[in-house]
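Engineer: Swiss-Prot feature annotations, pasted as is:
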- Asp498, Asp504: Mg(2+) binding site (BINDING)
- 565-631: domain 'KH' (DOMAIN)
- 633-701: domain 'S1 motif' (DOMAIN)
Amino acid sequence: MEGTPNVPQAHRYELTLAGRPLVLETGKYAKQASGSVLVRYADTVVLATAQASETPVEADFLPLTVEFEERHYAVGKIPGSFMRREGRPGEKAILSARMTDRPIRPLFPKGFRHEVQIIVTVLSADQKNPPDILGPIAASAALMLSDIPWEGPIAAVRVGLIGGSFVLNPTLQELEESQLDLVVAGSKEAILMVEAEAGEVDEETLVQALEFAHKEMQPILELQEAMARELAKPKMAWTPPESLPEEEKEALYRLALERGLSQVLQTASKGERSRALAEFAERLIAEALPKGEDGTPDEGKKPLYESAFDEVVRRELRRLVLEEGKRADGRGPKDLRPIWIEVDVLPRAHGSAVFTRGETQVLGTVTLGTGRDEQILDDLGIDETEKFLVHYNFPPFSTGEVRRLRGVSRREVGHGNLAKRALKAVMPKEEDFPYTIRVVGDVLESNGSSSMATVCAGCLALMDAGVPIRAPVAGVAMGLVWEENRAVILTDILGLEDALGDMDFKVAGTRKGVTALQMDNKVGGLPREVLKEALLQAREARLKILDLMEAVLPAPRPELKPFAPRILSLKVPVEKIGLVIGPGGKNVRALEELGVEVDIEEDGTVRIYSSDLQAALEAKKRIEDLTREAKVGEIYEGTVTRITPFGAFISLFPGTEGLLHISQIAPGRVARVEDHLKVGDVIKVKVHRIDERGKIDLIRPELEGKIPPRRRR
């Protein structure tokens, strides 16, 4: 690295992680940001900046945005768009932004309402070490150095499982052979976020992997703490939003219990509960509001009471779970909601299913496509295609709301990716089922756990389509209520329980093991036993769901649906690929006139796609005829194409002809070939010899032994 003499000296903090240098650097770049850190891991480099607005905004939530920006120069490329510049973030960038957002969000102080923006920019990608795990580390370090109040640090690591051993931060090449792709983010005391894709890994191995990850991230946390001790700015002064004094909150809680809050909360239907709760809140707040001397309520305090009422509801829901083992819809902690399933629900879809669990309902569909339907991946520097696609749609009517449809949200991208990871482990190999497969999960109703319902609906739709998956997959969302060393694990959580719990995690898998895991922890460190128990309780629920799914459709259908395309595959010699294509693509165009699509790969693999099986078979026959090679001793029905004084040329199949010498046409002396054969005659001939130049000598099989074969000079 070269520069002028006055280049500022950066502050560097370094350690070795999985045999590669991890460097945190600050003080040289992006110095006007409140916090900025350059993180380098091997030759992958990201820059993270943290900035907060000077004044708070009117909101009842933390206005945090996290952006993950990929620059094509990071891999030495120019963007392929018309404008030749980066556009909207791709799916991988969105998932990386979510991976950074989720572990840092819970660590902002309650009530902090200043806008916070974290931008992680990938400056260099060595295409060996994925940049996504550097996002949480860099964002954490930038926040630690900034004046933004935040209770970090956090760190993130990736864990693989190769040959029965855990591998820390596996490279992209190592991930291809790994049975596990586990990303864990956490603080010193706790695991805060988990994202995992697994090849049917058992629960005990997962717990061990989580412990391994948490142990290995500790040096990264210590490095950030050392940096912050020396360089961190004083934290900005901020004023928490006004709230009711604790004694008034307590009085409101007692009054709510007296007026029957517990009974209102235990209304089975989501809609009825919401309406009853809104009416109850209105009556309760009207009664609880302080009154003036003339009896007029103090309306100025109403927003404070409305906010306090939300805390009252959360407190009572948690009490019901912890002390009475009761949930909002009347279930016990381990109970699943009622489930009903339908398959083959759409007449033209290649596969379809509806999976309904309580008030959550997903329509799953499968479409089978050709090689031309593969998705071109938008990953930074990766020129690959994807044959398995899973898309998740969450329309507003699914929750009884009205809002604009503004394209795919980050949440939809994240949930679709989770469902994809859950199903990917059981998908057939390309050579066994060479289709492009698109699964779509349309959420028709939602009251919690819609991503896991998408896994179930998607799996059933795959089986309905006749996709030979290795095993059925089901998923379930779990929750945890934790207080004073008491833990209650909740199976199949409602949307309401998702908000009140201390940890939510989604587990998908087969009877054999877990294929996908997503976890967000909102409390401190959880004992190993609690994590293990939660995973085992999820397994118990998963097996019950699989029983119900298999009762409807025990295995993939043996045949594809009538409207699904058929694929025929064959292999042609590489040197004959040009013959199949023809001059200027003439032969391929002629094949496509049959109503088929033809894909030809560099190794000579030819795939023929058509919804008309007969058309596909005809196309296959034509290709076989084009690429056939004559074999000595084989008999063919050939057509006379030319007559010469020394014999007749016979076409055995398109592109291949041989010579039937005049001496082999008939017994005795033949004066003129035309006396025995004419152009267009169809006769049986046998390949007698093929010389080193590929020239073919033919004989008539019925005269074999009666006429001595011709000898070449």
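From the backbone N, Cα and C atoms, a Cβ is placed for every residue, glycine too.
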Engineer: Non-local Cβ contacts of Asp498 (Mg(2+) binding site) (under 8 Å, 6 or more apart, same chain)?
Structural biologist: Gly448, Ala477, Gly479, Asp504
Engineer: Using DSSP, how many residues of the domain 'S1 motif' (633-701) fall into helix, strand and coil, respectively?
Structural biologist: 7 helix, 36 strand, 26 coil
Engineer: Is it possible to get the count of other C-beta atoms within 10 angstroms of the C-beta of Asp504 (Mg(2+) binding site)?
Structural biologist: 21
Engineer: Across the domain 'KH' (565-631), what are the DSSP residue counts per state (helix, strand, coil)?
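Structural biologist: Once the DSSP states are binned, the domain 'KH' (565-631) shows 33 helix, 16 strand, 18 coil.
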Engineer: Quick one: mean pLDDT on the domain 'KH' (565-631)?
Structural biologist: 89
Engineer: Can you tell me the three-state DSSP label for Asp498 (Mg(2+) binding site)?
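Structural biologist: Helix, per DSSP.
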